[in-house]
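According to Swiss-Prot, the protein carries these features:
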| type | residues | note |
| --- | --- | --- |
| BINDING | Gly108, Gln109, Pro110, Gly111, Thr112, Gly113, Lys114, Asn115 | ATP binding site |
| CARBOHYD | Asn96 | N-linked glycosylation site |
| CARBOHYD | Asn311 | N-linked glycosylation site |
| SIGNAL | 1-24 | signal peptide |
Amino acid sequence: MMSFPRMLSLCLSVLVILPLPLQSVDPLTIGAVGAVALGAYFKEHTYCRFAECCDDRNIPARIDELERSLERTLIGQHIVRQHIVPALKAHIASGNKSRKPLVISFHGQPGTGKNFVAEQIADAMYLKGSRSNYVTKYLGQADFPKESEVSNYRVKINNAVRDTLRSCPRSLFIFDEVDKMPSGVFDQLTSLVDYNAFVDGTDNTKAIFIFLSNTAGSHIASHLGSVMKNGRLREDTRLSDFEPLLRKAAYNMDGGMKKTTMIESHVIDHFIPFLPMEKAHVIKCLEAELLRWRRDPKQANNQKIIEDIINSSISYDRTHSLFAISGCKTLEKKVAMAIY
């Protein structure tokens, strides 16, 4: 954090190196420079102490903490851990060299961790986490319920994104339940997330856009099941095994990404698969939920809770009989009910 004397010195040094005749740098100019420096200093040390500002203090981007948290808490998603953290680190480190926003599309069945990871990204990036004024979240049919209103939704998204980026270029936009949005809703957004995305003087290149969708969840499960039955370990699968499949499915299946110019223009940087949960992963989710209730999952009575939920509430896919259909999505309430 820059001290006021240092800030004032820096501003005055600019005057020194400017190719101006000495007599043209009058006391009023020097006074104006001092006032600017003083205003910036007091904004940083007074206003921004009590209100959220678009600065490093309020946007600490604690990606190392995110990495440790995902390693500790994210269950069954090795591909996500391998790619999300490096993608964020590279985008943030590129700073002024970045030529486009970071655009990521999460795909997978319900209960595989898409919202969980998006929430952790917001918490790591912003001091206020998902409550930050610089985090905007849209929710499927709740925000875009009518197919007939697509044209209006496009304008709504475009204007809202621009307004937010004017306030803070380092904003995060999360679009959840993309598969429940009408086709074409994102077409006007394409120009804002493309290369050299400066619109009306607004720098969009530092922003992050995350799209969450159940689209292709069944495709991921089918492909993973086939791969595993052919003798390959789940943990040996890579992003390249799924990314082409996700891009094709998102473009062709119903939802906000169907036939979208965002895919046609190749502005989505990463299509990330969230793999379906196996029984062992669901057990780990149940153990984590019990720990959240300050219960030891190894105790006999808590082991009984896990066993009862697994046997009575978990259904598996018909094709491979490997993957829990709802993943870990409904476990919170089931554990709470079992405890009380």
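Using N, Cα and C of the backbone, Cβ positions are placed for all residues, glycine too.
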Just to confirm: which same-chain residues, 6+ apart in sequence, have a Cβ under 8 Å from the Cβ of Gly113 (ATP binding site)? Leu74, Ile75, Gly76, Gln77, Val80, Phe274, Gly327, Cys328
Find, among the binding-site residues listed as Thr112, Asn115, the one whose Cβ has the highest number of other Cβ atoms within 10 Å in the structure shown. Thr112
List, in sequence order, the residues of the same chain other than Gly108, Gln109, Pro110, Gly111, Thr112, Gly113, Lys114, Asn115 whose Cβ lies within 8 Å of the centroid of the Cβ atoms of the recorded ATP site. Phe116, Asn214, Gly217, Phe274, Gly327, Cys328, Lys329
Let me know the most crowded of the recorded positions, choosing from Asn96, Gln109, Asn311 and counting other Cβ atoms within 10 Å. Gln109
For Asn311 (N-linked glycosylation site) and Gly111 (ATP binding site), the CA-to-CA distance in whole Å is 18
Looking at the binding-site residues Gly108, Pro110, Gly111, which sits with the largest number of other Cβ atoms within 10 Å of its Cβ? Gly108
